[in-house]
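Only one structure is covered here, and it is reproduced in the block below.
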Amino acid sequence: MSSCWREGHTRRDLPWLRPPPTRHPTHGARLITSRPDDPRLAPNPAAGTDAEACLPSVHTLRRIWKPVLQRILRNLSSDQITLAAAGCAFYATLSLFPAISTLISIYGLVFDPQTVEPQLEMLRLMLPPSAFALIGERIHTLVAQSHSSLTLNLIVSTAVALWSASAATRSIISAVNIAYDTQETRSFLRFQLMAIGMTLCAICGAVMALAVLVALPVLIDFVPARLGMAPPPWSVELLVQMGGPLLLLLFVLAACALLYRFSPDRAITHWVCILPGSVAATLIWIVSSVGFSYYVSAIASYNATYGPLGAVVATMMWFFVTAYVILLGAELNAGLEAEMHLRPGNGGHDAGHRRGYPAG
């Protein structure tokens, strides 16, 4: 070893003698080196904030679109996204009826449950016909049995249904962690509470969306007359038909944004940084859902192949397509972040690692 010093080598030049990596005291999720001459630790005045760095210029987009696409295609295989989406579809199918039960129970405490069924028509184009019929039949049964009073039995059944429905959320959180190359280190209790909280937020969001759709015709007639304005030039039916898909679009966009922001076990990024994947996942989901619904109704015949299980299989396949699109959006965010040398809380420089795993 003494010959190494005589030849002018230093301890830093020898990998087996290099100081071990240390974690920054204020950024525990970021793996950084203790070398003082590491160029990654140098300040980058031009980097700006995370929000500014997440908005690439046209020149940057032209430069990184191909590497990002290659990274996504490579990670779709290496991260086993297909397997993760299949697991999410399985748990989502098991959680479907408990989630619907929770939705009807919460909605019935405030509004008339009979107003739920007419709003399901906006999902007819998105879901396979057999899946739409299965869900519609279950909702019709729950609406007929719903209670408008808060009883102990209702509280217990809703809590059990909410816990069962959160299984799908737990699976999608784990899958998003895989897409972001992050390792789950949160405690069991924190993970479960986060999954239940996100499930409850999704159900409450659906309740609010249904309430807006129900109240929209009344608002369209009441507000102009109250303010002395001329009635809208379009019919109420047309506005309601336009408002339903728009609310569905916003609901899916908000759900994707919440998943990409809070699901990965890492430092929380700026909202702007998760916008590309959220928008892309929402648009791709709409196209893929309509395409899959047409495929099932016009080309494939699940009922002829699977018999009575055809509706369940079609529903599970639709959940698989949905989960795959969500994970594709997460891969897009991770790829953009890596190619633009972004890291949470690092001001736009140092691509580095996420909890010891390469970015992207």
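Any Cβ shown, glycine's included, is placed from N, Cα and C.
According to TrEMBL, the features are:
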REGION    15-48  region 'Disordered'
TRANSMEM  81-110  transmembrane segment
TRANSMEM  150-173  transmembrane segment
TRANSMEM  193-218  transmembrane segment
TRANSMEM  238-260  transmembrane segment
TRANSMEM  272-296  transmembrane segment
TRANSMEM  308-330  transmembrane segment
Where among 81-110, 193-218, 238-260, 272-296, 308-330 do we find the most Cβ pairs under 8 Å to the transmembrane segment (150-173)? 81-110
Of 81-110, 193-218, 238-260, 272-296, whichever stretch has the most CB pairs under 8 A to the transmembrane segment (308-330): 81-110
